[in-house]
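Participant: Have a look at the structure that comes next, please.
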Amino acid sequence: MEAVPRMPMIWLDLKEAGEFAFNAAVKKSAISVPRDFEGCSTLRKYLGQLHFLQSRIPMGNGQDAAVPVTWTEIFSGKAVTHEDIKYEQACVLYNLGALHSMLGAMDKRVSEECAAGAFTYLRDHFPHSYSVDMSHQILSLNINLMLGQAQECLLEKSMLDNRKSFLVARISAQVVDYYKEACRALENSETASLLGKIQKDWKKLVQMKIYYFAAVAHLHMGKQAEEQQKFGERVIYFQSALDKLNEAIKLAKGQPETVQEALRFTMDVIGGKYNSAKKDNDFIYHEAVPALDTLQSVKGAPLVKALPVNPTDPAVTGPDIFAKLVPMAAHEASSLYSEEKAKLLRDVMAKIEAKNEVLDQFMDSMQLDPETVDNLDMYNHIPPVLMEKCAALSVRPDTVRNLVQSMQVLSGVFTDVEASLKEIRDLLEEDEAQERKLQELLGRVPPAPGSPPGLAEVSKECSKYLELHEKASFTNTELHRAMNLHLGNLRLLGGPLEQVRAALPTPTLSEDDKQVLQNLKRILAKVQEMRDQRMSLEQQLREMIQKDDITTSLVTTDRSEMKKLFEEQLKKYDQLKVYLEQNLAAQENVLKALTDANVKYAAVRKALAEVEHKWNTTVQTLVASYEAYEDLMKKSQEGKDFYTDLEGKATKLLERARAACQASEAHRQQLLERELKKQPPPRPTAPKPPLQKKPLELEAGGPEAADLDASLKGKQRMNKQNFLQAQPGEGLRGPRPSDDPLSMLDPLWTLNKA
């Protein structure tokens with residue numbers, strides 16, 4: 001922004017002088033002054049000599065030596081005449097301010113503070129009824145214009161010097177404040193009628209500058225937010241700057257090319273900043289963009305002031321050409337009287353400052369602000385920031401449902417992924433268990449020749465996916481927790497306003513509490529009334545002392561009577577002193593009553609403070625829930641995308657795991673079959689046959705032979721099935737766990753293999 005073209009400035013025309021019986025050479029030099037700083041010096045010298053003349057000769061309004069003074073009124077061009085030397089001084093002061101405004105509007109831009117000082121002195125020390133261009137309204141307008149333009153010059157220098165962004169923003173905000181004051185004066189119907197046709201041109205330029213420098217202020221606040229890495233605030237400040245600049249462009253129609261050029265340059269800067277900031281925040285930082293009214297407003301930094309004017313400064317006025325017209329004794333006596341007045345003012349101000357210090361310390365300790373003691377009215381309305389959120393949700397009735405559905409979809413995908421990963425892990429664990437059993441049976445088993453390391457890769461990839469799932473699970477849990485936290489608030493904001501108002505806490509005060517509150521407010525009003533009255537009396541005293549000039553009386557008074565004259569003249573201040581003493585004496589009683597009222601107010605104050613804290617917390621919570629909605633939707637979509645991708649990978653990995661486990665199982669079966677072939681078949685056993693009888697006995701056909709025959713007939717033929725199914729003690733032995741591990745295999749399958 002340091003290369004931005006300069007905006008044009010408002011400058012004032014000089015008044016034209018008419019008749020005034022004064023030194024011709026001096027008068028002529030003051031009328032036709034050159035338009036440079038030498039001309040300003042000439043006007044200051046002429047003003048000082050007029051002041052010296054006035055202090056010696058009674059040339060004021062209605063005085064004996066008064067002569068006609070004529071000057072042309074700026075806006076109408078009419079000649080205005082007054083028989084008052086102060087009118088001549090006022091017109092010279094006006095021209096001094098106007099000439100400084102001209103010089104300030106030039107490239108050097110260093111003279112607006114002097115112009116503001118001249119107009120301020122003219123407004124504060126001279127009557128406003130001389131002419132329209134020196135009325136109170138016009139002079140106040142000129143002062144604010146000059147101060148605004150002086151601050152604008154300071155802003156240009158600050159940007160050229162690359163000052164800190166926050167400082168530049170505050171300087172620009174103060175430019176806006178000065179121009180707003182000037183705009184209010186221009187919008188006043190009385191001022192508009194006084195200015196005539198130039199009022200519209202000035203008003204249009206000032207309004208355009210208000211929006212333009214507000215845009216500059218928010219541009220540098222955005223830069224400040226960027227430096228602090230507050231990327232959401234950066235976006236809203238740049239957006240606000242862009243909006244205000246667009247308003248300035250609308251108001252700039254018909255303005256000179258220099259204005260259009262400056263606006264185009266600034267639009268390029270602000271537009272580029274906004275687009276870059278928004279893109280970065282949308283794709284990189286993802287910070288929530290706060291509402292502009294939730295951010296702290298930019299307070300202006302008034303770094304310029306109206307430079308004071310001293311008409312009698314010897315360094316400016318030069319030698320007094322009327323030094324011999326008034327006796328030196330009168331000057332000395334006037335100085336003595338001025339010292340008496342200053343002494344009186346110092347005594348009174350010492351008492352006032354002492355009382356004010358006590359009052360300020362007391363009020364600070366009480367921490368009672370009359371404007372916030374009774375804030376019950378705020379509980380009767382929904383705050384505007386909350387109304388905005390309710391209105392926004394009223395046109396989006398599916399907000400809560402969309403959020404819940406999005407989170408449900410996310411939960412479903414999450415569950416599917418978790419099931420797939422669990423199945424993969426179970427397969428791997430089962431395969432590992434089978435592998436351990438095989439090693440217990442056969443010892444360390446070499447891997448199959450040419451077999452791919454499928455299970456190792458599956459296990460490694462599964463571990464990676466499990467780690468990702470575990471990390472994302474925490475995020476998913478936090479997201480669900482956040483949704484549950486804000487869901488109720490979103491339903492409340494989307495519901496009827498009566499429910500929102502009912503959800504906000506309200507204080508409950510008894511009649512006694514209300515009476516205590518009213519009593520405290522009444523006493524606080526008394527304190528403020530006492531302050532205002534004290535300030536008014538002080539101002540009256542200062543004005544009386546400033547206007548009290550007894551030079552005329554001193555010239556005609558004998559030196560021996562001077563002290564008596566001083567005493568008589570100082571009596572005019574007695575009445576004001578009495579009023580001030582009464583005001584100061586009343587302070588003790590008022591503070592005592594305030595102390596008693598504050599003691600009774602303590603319980604009410606605590607209750608109101610608690611309710612106000614709950615109110616603010618509730619409002620902030622509801623606003624935060626609204627602002628969190630978009631973030632929740634965005635994060636849930638990101639979660640769905642993440643888990644959808646992970647689900648596809650997990651499904652593919654599950655298929656690979658199954659295939660790898662099947663291959664591993666087949667390899668183990670081959671190893672078992674190979675090992676069983678190496679084992680000898682188990683040796684069959686049979687019960688010992690009974691002793692056979694002698695053949696003679698068999699032949700004899702005795703009873704023993706009959707029994708044996710019956711026994712043989714009852715026996716079945718031994719085959720492979722009953723051989724293998726023999727009971728313990730008959731045929732083969734039954735398997736026992738303590739035997740060889742291979743005996744655990746199927747006996748029939750073992751025999752066939754043998």
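Including glycine, each Cβ sits where the backbone N, Cα and C put it.
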Participant: What range among 414-444, 445-475, 724-754 does TrEMBL record as coiled coil?
Facilitator: 414-444
Participant: Among 492-519, 520-547, 548-575, 632-659, where does TrEMBL put the label coiled coil?
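Facilitator: Going through 492-519, 520-547, 548-575, 632-659 one by one, TrEMBL flags 520-547 as coiled coil.
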Participant: Taking only the residues in the coiled coil (414-444), give me the average pLDDT of this model.
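Facilitator: Value for the coiled coil (414-444), mean pLDDT as a whole number: 79.
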Participant: Pull the DSSP breakdown for the compositional bias 'Basic and acidic residues' (665-678) and write it out as helix, strand, coil residue counts.
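Facilitator: Across the compositional bias 'Basic and acidic residues' (665-678), DSSP assigns the residues as follows: 14 helix, 0 strand, 0 coil.
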